[in-house]
Amino acid sequence: MFSCVPRSLKCCTNIGPKRALPYVLTNSPVFLDPTIPQCRTYHEVTGNIICPNMVRGIDHLRDPRLNKGLAFTLEERQALGIHGLLAAKFKSQEEQLDICRISIDRYEDNLNKYLYLVELQDRNEKLFFRLLSENVEKYLPIVYTPTVGLACQRFGLIYRRPRGLFITINDKGHIFNILKNWPEPDVRAIVFTDGERILGLGDLGAYGMGIPVGKLSLYTALAGIKPHQCLPITLDVGTDNQDLLEDPLYIGLRQRRTRGKEYDEFIDEFMEACVQRYGQNTLLQFEDFALINAGRLLQKYRHKYCTFNDDIQGTASVAVAGLMAAVRVTKRKLSENIYLFLGAGSASNGIANLTVAAMMSEGLTERQARERVYMFDVDGLLSTRREGGVPEHAKAFGKDIEPEKDFEACVAKIKPSCLIGCSTVGGAFTPNVLQQMAKNIERPVIFALSNPTSKAECTAQAAYDYTEASTGSNSAYSSRSDPLTILHPFLIGKGWERKVDLTVEKTHRKAKYLIPERPLLHRLKGRCIFASGSPFPPVQYNGKEYHTGQGNNSYIFPGIALGVIATATHHIPETMFLTAARTLANYVSEADLSIGRIYPSLAEVKDVSLSIAIEVAKMAYDEGLASVYPEPKDISKHVENQMYNYNYESSMPVVWGWKPEEKFNVRPIQPVPKNI
């Protein structure tokens, strides 16, 4: 008779000798049966749909999806039974945002700011995402590069609350069972890593979970992808990082990395389990896999699943967008440049291949386009004549030329107009290299894309300082001055001292200042076009402030993900990233270019993401890749309708009235005959 008693009733009863009903209920078979859960230990909210009869009032305070803090109205507090559980003051979401900003600003250390934001997400999801989405420039470096790198390194120390799934190599054969443990059934996007190449920090094993978590936060904050549709996963196959294996705080498997056939079978099973659990159109994003696996796994799965590798394709798209925007400054078509890459890994190959595709769209053949791309790795210039030849993953960019192990000599010999760094070697673009780039061409393009900031090939300030102005003859000063001419004071410290023999001061007490001619003064504004992977402070150069561009993947992957999810695209072709690159490049304004920026402000990244999503959605239908039918009449509106609402919504139940019943002559109730 007690089988219909709610299981949560025991939690809400005060058991005592004078409490007859609670005593009866708690001694009923339902409550005595140890196999029946007595108290709900997790929330009942999944997806966008809340079943009102499954959610208690207290859940609105405990569940980050429902919690509004002090923004609950008096009516809501009373109806939900949470009146008195909150302080009497009512605070709007806007007031709460102001409090959050003040709280974060009180922290001086970025890691503490990161922890504050993580805890905010754990208690109030909408407040977290609105704060991040409305303050992208300020908080993106906290939840993403460069601070997320530090968070990964300290992950064992800052680990508080489980987020996402950890699937280990020991779970091989049971991955689908683990995916079933995730309580959310409506997952549309999975970002996963094996932690072997976290940013430029190397093998961080299970500590790499900070990257999928951070990426998916940007999915929501920058593109409005609903957070319940996102699942971060770490594939823990061990680590070869000896420091982590000996780290008492390490949270992953203490074993060397599994490789070879067992690793491949593990990845195969994972990919199959994901689509079995969530559907064939589930977006599967590879993140921070090492070179040995990144390229080959992408090639293996790209035509079988809805998948992409952000380190290869996302980086390529944002870099090519920067090159496209730079065309408006250099007045050189992409096909008129010579490209030299420092680093020949997955990122370099991704950028190079997409650049080749862009040059082909300008009329070059594939062979002609590839001839304009050179690469330099740890063993030197990629030459077919060098000992050991060209690595298999970079065969397409090997050249039949003399080997060269001196990078500076390569820059002088090849004379690239675009220098692109993906080496994770901090300071690799030395002053001599940058000065040589200035000699090669009037407006050199220099991309130092390695993350985090400490791994960047050069700083923005160095790029501007060492590619200083010159006359058309590459002379550093005017020849009209006599041999005693020395530098004017405003040029000291900008690399000009080396151009003048100052030993004459020993025999002459007076000397004339070097006064550059007018054409030279016109060019004293930093001739390079610079972009980096991590943010750099503004550059002070010749009395002007320049805001250099950050080639951040967050311009690209959230928008592509939104377009793919909104249309249920089943495969992601390379041309989709070229479309995203063009869309991003078109967003760069003349005002951006005038201050040295070849990417739009990060404050505009939400608009950029929406534009990319719309173009991706259109392309998906044009090429027959979409699975949402029929095709929406207004694709822009369709995409916007899929986006997350950052604002608080009413917690009150929806009520409605009925129209009056029709009038009928209802018969009186007749007694039931006894013989029936």
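Cβ atoms are placed via backbone N, Cα and C, with glycine included.
Features reported for this protein in TrEMBL:
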ACT_SITE  Tyr144  active site, proton donor
ACT_SITE  Lys215  active site, proton acceptor
BINDING   Arg197, Asn451, Asn552  (S)-malate binding site
BINDING   Glu287, Asp288, Asp311  divalent metal cation binding site
DOMAIN    121-302  domain 'Malic enzyme N-terminal'
Give the maximum pairwise CA distance in Å, whole number, for the residues Arg197, Asn451, Asn552 listed as binding (S)-malate. 18
Going by C-alpha distance, which of the recorded positions Tyr144, Arg197, Lys215 is nearest to Asp288 (divalent metal cation binding site)? Arg197
Closest to Tyr144 (active site, proton donor): which of the recorded positions Arg197, Lys215, Glu287, Asp311, Asn552, going by Cα position? Lys215
Which one is it, among the recorded positions Lys215, Asn451, Asn552, that lies nearest to Glu287 (divalent metal cation binding site) by Cα separation? Lys215
Same-chain shell around divalent metal cation excluding Glu287, Asp288, Asp311, C-beta within 8 angstroms of the CB centroid, reads Thr193, Arg197, Ile198, Ile211, Phe286, Phe289, Ala294, Asn309, Asp310
Candidate with sparsest Cβ neighbourhood (10 Å radius) among Arg197, Lys215, the listed recorded positions: Arg197
Quick note, Asp311 (divalent metal cation binding site): same-chain residues at least 6 apart with CB under 8 Å of its CB -> Arg197, Phe286, Glu287, Asp288, Phe289, Ala294, Ser346, Ala347, Gly350
Cα-Cα, Lys215 (active site, proton acceptor) versus Asn552 ((S)-malate binding site), nearest Å, comes out at 12
List of residues, in chain order, with Cβ under 8 A from that of Asn451 ((S)-malate binding site) and at least 6 apart: Thr145, Pro146, Gly149, Leu199, Gly200, Thr424, Gly533, Ser534
Counting every protein chain shown, other Cβ atoms within 10 Å of the Cβ of the residue listed as 'active site, proton donor' number 25
If I restrict to non-local contacts, at least six residues apart, and a C-beta distance under 8 angstroms, what lies near Asn552 ((S)-malate binding site) in its own chain? Leu140, Tyr144, Thr145, Val318, Gly533, Tyr599, Leu602
Number of other Cβ atoms within 10 Å of the Cβ of Asp288 (divalent metal cation binding site) across all protein chains: 24
